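A quick write-up on the structure given underneath.
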Amino acid sequence: MARLLPPTGTDVFRPLTLESLAEIDRRMAEEAAEQERMKEQNVKVAEEDLPKPTSDLEAGKVLPFIYGDPPPNLLNVPIEELDPYYKAQKTFIVIDKKNTIYRFNTEPACYCLSPFNPVRRAAIRILIHSLFSLVIMLTILTNCVFMAMSDPPGWSKILEYVFTGIYTFEAMVKVLSRGFCIGDFTFLRDPWNWLDFMVISMAYLTEFVDLGNISALRTFRVLRALKTITVIPGLKTIVGALIQSVKKLADVMILTVFCLSVFALIGLQLFMGNLRQKCVLWPPVGWYSDNLTVLSNYTDINGNGTANSTFDYQKYINSEENYYYVPGQMDPLVCGNSSDAGLCPEGYICLKAGRNPNYGYTSYDNFGWAFLALFRLMTQDFWENLFQLTLRAAGKTYMIFFVVIIFLGSFYLINLILAVVAMAYAEQNEATAAEAKEKEEEYAKIMEQLKKQAEQKNGMVNGSKTSLSSKKKGDNDQMQSDYDGIALKPLSKSNGSKGNINYLEVPDSQIRKPSVVSAVESALDAQEDIERPCPPGWYKFADIFLKWDCCIPWVKFKRIVYLFVMDPFVDLGITLCIVLNTVFMAMEHYPMSVHVEEVLAIGNLVFTGIFAAEMVLKLIALDPYYYFQVGWNIFDSIIVTMSLVELMLADVEGLSVLRSFRLMRVFKLAKSWPTLNMLIKIIGNSVGALGNLTLVLAIIVFIFAVVGMQLFGKSYTDSVCKISSDCELPRWHMADFFHAFLIIFRVLCGEWIETMWDCMEVAGQGMCIIVFMMVMVIGNLVVLNLFLALLLSSFSGDNLSASDDDGENNLQIAISRITRGIDWIKAFVNKHVRQCLNLKPKEEGAKVNGEGDAKMNAIMNSSSSMVKVPIANGESDDDDGNGSSEDEDDEGRDINMKKKNGDESSTCSTVDKPPEVEDLVEEEEEDLTSPEDCYTENCIRRCPCLDLDVSQGKGKAWWNFRKTCFAIVEHSYFETFIIFMILLSSGALAFEDIYIEQRRMIKIILEYADQVFTYVFVVEMLLKWVAYGFKVYFTNAWCWLDFLIVDVSLISLTANILGYSELGAIKSLRTLRALRPLRALSRFEGMRVVVVNALVGAIPSIFNVLLVCLIFWLIFSIMGVNLFAGKFYYCFNETSEEVFDHNVVNNKTDCYELMEFHPEVRWMNGKINFDNVGMGYLALLQVATFKGWMDIMYSAVDSRAIESQPVYEANLYMYIYFVIFIIFGSFFTLNLFIGVIIDNFNQQKAKLGGTDIFMTEEQKKYYNAMKKLGSKKPQKPIPRPTNCCQGLVFDFVTQQFFDIFIMVMICLNMVTMMVETDDQSAEIEEILFYINFAFIILFTGECVLKITALRYHYFSIGWNIFDFVVVILSILGIGLADLIEKYFVSPTLFRVIRLARIGRVLRLIRGAKGIRTLLFALMMSLPALFNIGLLLFLIMFIFSIFGMSNFAYVKKEVGIDDMMNFETFGNSIICMFMITTSAGWDGLLAPILNSPPDCDPDVDNPGSTTRGNCGNAAVGIVFFCSYIVMSFLVVVNMYIAIILENFNVATEESSDPLCEDDFEMFYETWEKFDPTASQFIDYNRLSEFCDTLKDPLRIPKPNTLKLITMDIPMVTGDKIHCLDLLLALTGEVLGGSDQMDGMKATMEEKFMANNPSKASYEPITSTLKRKQEEVAASTIQRAYRSHILKRCVKQASYMYRDKTGSKKPTGEAPEKVGMIAENMRSLYGDQAVEDDHPVGCSFSQHGKTQFGAKRPPVKVQSDVVLHSAPFPVPESSTAADNLRESIV
């Protein structure tokens, strides 16, 4: 805290002097000495304790206000450091006029310019001047404009030199002021300056050195656009976030590339060469022999059998004239030779010839092209084309391949990228918010500190000051008084979250005032300034001219106007006018009669008048001053002004754009429509946050557009004939900047492959792939996902609360008034009618019921409930808890719910929430043990005969009958039977295709089956009626569904019996049988969970967003109608299939003249057009899903005037309309669906207490098992064989190295497979065969070795069985390759399967943790994804059946052909699967939109009684739009929600210090120490075990003390249990915490459940206790020994004196009896001294020799002498095992 307090006094800012430099040197020397001292003393400082720079004093930040203003003479000159961190570093700062801090190095710049050098000072002044950066910015922008010119003027070369000169000058200034690269804060130490350096170097390099390809090098100039990032401050941070997210994407990228490689290999093996199969015209007669045997050398054979080589077979089949082309297609028709592949027309044969489709770039012929195809499939770009080509060439069964890749690659991996980007963004947001909060607290503390200082300084005078400032604070709660009484706005919530920290930006002039009075004045001034941001003159002007309070009559008039114009009814009227105006605008269409046009024009005038009047009245009522303070009023005034301007300029040509401003009126609805308001807010918030991101995106788009133009522009113009038949530039090219920009924008929309093919064809493959991939990855995957992440974050929390004003809006008040009025009239009429009819008896009842009801209704209907009801705990008025934060209340609410269970809810409460559907279902399932009442109480009251006595007679019989029915219905067999019947009846629908008429037998069977199913379902329904009663049956949503479907079947069955089956109405009713599979929903728990919990819950919010999207799109649709209605028509020649040139036919009149003489000429309209708002919506849906949007855009861009022939790119800038719509209509609104679903998903989760809502109980168990595998128990390791050779093999194969070696071999095997190509030579094929053979031998060897070593245990491991099967299949594959390939799939596929083994090796690589997390997230998502997949299949099934019954006979053109159609169930499913990702639906819809003369309603369909090949346009549009909304927007987005959720969970899991792999590793190590799997190891092996573990659980040696302190429980026999040890080690890693205790408990429980044996081994001690016992014992021992020793010495001394007689001992001997006395006696005995020199240890003491006693016996010596002295402390070298137990 103290570090932020500036030094008090006036000397905060000190100029830099020579003394300052000396001081810095002194401090540096001190610091170096201190570090040296710490190094010597081995003192380590934790990283977080190291000093850090103060964030507020970083270079580029504004000086904190706390420092006050620097004196003017110290601005723009070097001054001493303010940041304590840099005090001991060679730096100084410079502060400019705006108080921005710049930091420089004190070392001489370029070795010669010291900080005092005038040149350097001048450079510094220039560098920090605001004009300098402005000039540079303008230079960059001007340079960008010139770079974007495709054909710059001649003098631009001179400008180029000027730009280079300015950049050089900038760099020179930076180098002179900062120094070049040595030391901190020099020029090259800032990575952004590297960019400048490169740009300038390249400019000089290309100028003076001839480097060949100049255009490629000139593209480096584009990097100058990046310099904008260095100049605009906010951009650096967003680029930082982008770089962060790219770093985080590394793992996803690796996983994606790996998966794509695997899929590409599979594609390579399955489809290599297939796409070259084409329909070739049968060769001329006579090229083959009579018996049709083709000779191998393909020579022509004449009639008599002699070979004739004039016919060149290769040339014939490679000639493009001999191929079959579908009209309008560039490539020949692809075909296949399998039974379910595409067939050729009559007279053609399917052969492999020529090149691949799309210039030869779409193929699986080698790994590179296969990888590109799979990447395209994963990004879903034009994948329907690849899908159709592959199915046509290989067969429909291969749809499975695409299903797997779309679900795994496209839905999973691409969304993982979104998840990672969203997480990176969220993390950054949190960090910013946390930093802001921290600063806020810090500054609050500083304020306190300064306040205290000020108080101490000012003494008693302070009293008056504080009272004044506190009074001020009382007046305005928004203010905080600081230390000088200066009012400061606290950080608002929004500011905090966005990181705009404004609390530093208080006018600095008011800081550190000398006197108290002036301090108070300054506080008041500051307050005024904050409230009134404009100069004072403005306020005087406003008071005079903008506040109209001139005289009393006027004021009274104003008040009347105010009462009128602010009345809720007027608001209601205006809202209705807005709606009506919108309807009027939406009524415009083409062709429109003059009368309608007049009505609409008058309507527009009326509405404009109404809105203008409203504005004028509000201006009068509120005064302009207050009127323009409200955002909505400003919005209104702009629109009204624009409308009036438009009316004035109505006749001016080209200003029709002003008409579109009227459309903005629709947004006024947001005032009273919370969801629309919320959406606009979210877009507003996002646009705020997206400001910088949009700039970055714009820079990226600009750079790539210029790069494309510079690199490929010339190639497009030179090689245009390769991609265009008429050698004219196509629509998508890079020859000029605008078209290059459009191509880059198209790539950002996800459509890159088609433009890339063109680029590769004209400019070569390498460069195009690099540029397009960079745009795709950087632009589309990263930046656009960041957009989405921002949108999702806008959804969170605050923004979702309803409108700002918590009160209700005027509209609700008006409506509640109306409803109350109606209720009052009803009651009044009712009362008078009863009086007239003299209904006396019911009068009181009428009073009670009539008025009571009316009142009650009024209460119920008025949105603000008048009645205040005490609500029981656990209830709430609305879902979001009245705007109170849910987080706080959730827990309490849960507890209350559990306690009360709803018992205390107030009976009369009008706000009780009705139980939700799911609750009802649950209750019925659980509570019904016997039948309930058949009828409701009201029914029984009305018809008393229904109330039977069930205790006797008929009533009892009826009750028993009901109970029997109930038992039947509730029986599990009954349910299973019904499910079986539902599946059968649904399956039967799939057979009713176009061939049913030809299969009479199947048709008859189906008719009878249909009757049977109907009877079964009717019986089921009747049984349920009897069993459950009507009340229960008809209050259950699922039963209603059953009821309606059974009704449909009954009606169609009855019609068949009566012979009305061909009636149109009955036919359309029969199509509703397609809904039958829906009944399966209620029966399959998995799907019901998804549908009820997730979908039904989301429907209101999805519907809301859908409505808002429709309103949003309505604006664009009406605008489209204004711009393009009637302009999409063209004159067309049906014979040549060409559009006439505008020089031949200019307009409709010319075309009709031609038509008189040429019947093949037609004046046609585009099928998708903007002739009315409805068609406009359809067109916009195609644009938003990027399907069919090209044709719409081409028509728009070519359009001229109504009924005029289109001209190529006549209206080029209409592209901008579509660009704007794509940004707002597609990026924003479609992504809102994801936002809403995720948000709803989280709300549902919160309701259910955080459990996963997409899973059943069973699946949750699986999920939890996946989440924590901590309950593993030790396994018995495979015993090592006793045989010596086997033992060696065993040691070899169980090495980790062996595993990794095999993995490397698998990868090498894959690499050799990648080398395969379709057109490889025979030698390469042979080499590859032998390499593969070698690998098979190697893997077989591995298999044999493992079986030898592991014996029968080999087959107890799943992976080994997998390896074994692959090896067997590989061996078989070599021998029976041809046979397997003929009947099954290519045997090489088995090799690809081996790649699955790489999953095993991930565990061994610590670096692969991120990838393991991603795979873990996938595993966790599987159960929920399976349920959603089921639901998706159900929707696909229903729509397929529906499509078959409606569109089976549609004319085959555009997207419908012999493979893609609705003729059979299989084909329908393929089509529906394709549309799931919204791919190709425009092509399928186009033929359905046909009407005569484009189709023939009377044409015969062979083999069927149905006539005609026209579709029903209305049904088609509803069919496709509803399917796209359901599957593409809802179900697929649920996938995204789940993946985001599980990715977050998995990331949390993996960020835990311990993961599953660590537990696995623990148990693997345990197996080696506990071969019998007894779950125990000896205490003496504990140290070695802990050392053997891997991090983070490892405790390296020496670890004895550490293990002792860990207090690990021990059982009898000095053994330690694995769980106890694991818990102790886990505690060591996680640190002691509550979390740890919880974990211990759960692990104990899990382990107990798995291993009941542990209970019998109760711990009796622990490592710590054992040590404490040992220490205690040795301490007692030592004390006792010391005591004994003392007594021994005493006794010895006594006896010595006694024996030697040196001095007669006085008194008795200390020890007469006992051990010491006996031992002493045996030591000395009773004899006299035998000689003068007794044996013993003699030693010199004070120069005299002391004589020892006679040598004692050995036993006594050891017992007394050795045991009675404390041992010396052993040396550290002593081995632990040799230590005596008495050593401590």
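Heads up, the Cβ atoms here are built off N, Cα and C, so glycines get one too.
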Of the residue ranges 157-177, 1606-1626, the one that Swiss-Prot records as transmembrane segment: 157-177
N-linked glycosylation site according to Swiss-Prot, picked from ASN692, ASN1133: ASN1133
Record feature N-linked glycosylation site (Swiss-Prot), assigned residue among ASN308, ASN337, ASN861: ASN337
Membrane_side_equal(TRP632, LEU1350) from Swiss-Prot: yes
Where ASN337 (N-linked glycosylation site) sits in the secondary structure, as DSSP reduces it to three classes: coil
Alpha-carbon spacing, ASN337 (N-linked glycosylation site) to ASN1133 (N-linked glycosylation site), which is rounded to whole Å: 37
Counts by DSSP class (helix H/G/I, strand E/B, coil) across the topological domain 'Extracellular' (150-156): 1 helix, 0 strand, 6 coil
Nonlocal residues around ASN1133 (N-linked glycosylation site), in sequence order (Cβ under 8 Å, 6 or more apart): VAL1139, PHE1140, HIS1158, GLU1160, VAL1161
Any contact, the intramembrane segment (1465-1487) to the intramembrane segment (737-757), with at least 3 Cβ pairs under 8 A: no
For ASN1147 (N-linked glycosylation site): intrachain residues, at least 6 apart, with Cβ closer than 8 Å: GLU1203, SER1204, GLN1205
Mean per-residue pLDDT computed across the topological domain 'Extracellular' (150-156): 80
ASN337 (N-linked glycosylation site) CB neighbourhood, other CB atoms within 10 A: 17
Spatial neighbours of the topological domain 'Cytoplasmic' (619-632) far in sequence, C-beta under 8 Å, 6+ residues away: 542, 546-549, 557-558, 561-562, 564-566, 668, 671
Per-state residue totals over the topological domain 'Extracellular' (1316-1326) - DSSP helix, strand, coil: 5 helix, 1 strand, 5 coil
Helix, strand and coil totals (DSSP H, G, I; E, B; other) for the domain 'IQ' (1669-1698): 30 helix, 0 strand, 0 coil
Three-state secondary structure, which DSSP defines for ASN1147 (N-linked glycosylation site): strand
Number of helical, extended and coil residues in the topological domain 'Extracellular' (758-768), per DSSP: 10 helix, 0 strand, 1 coil
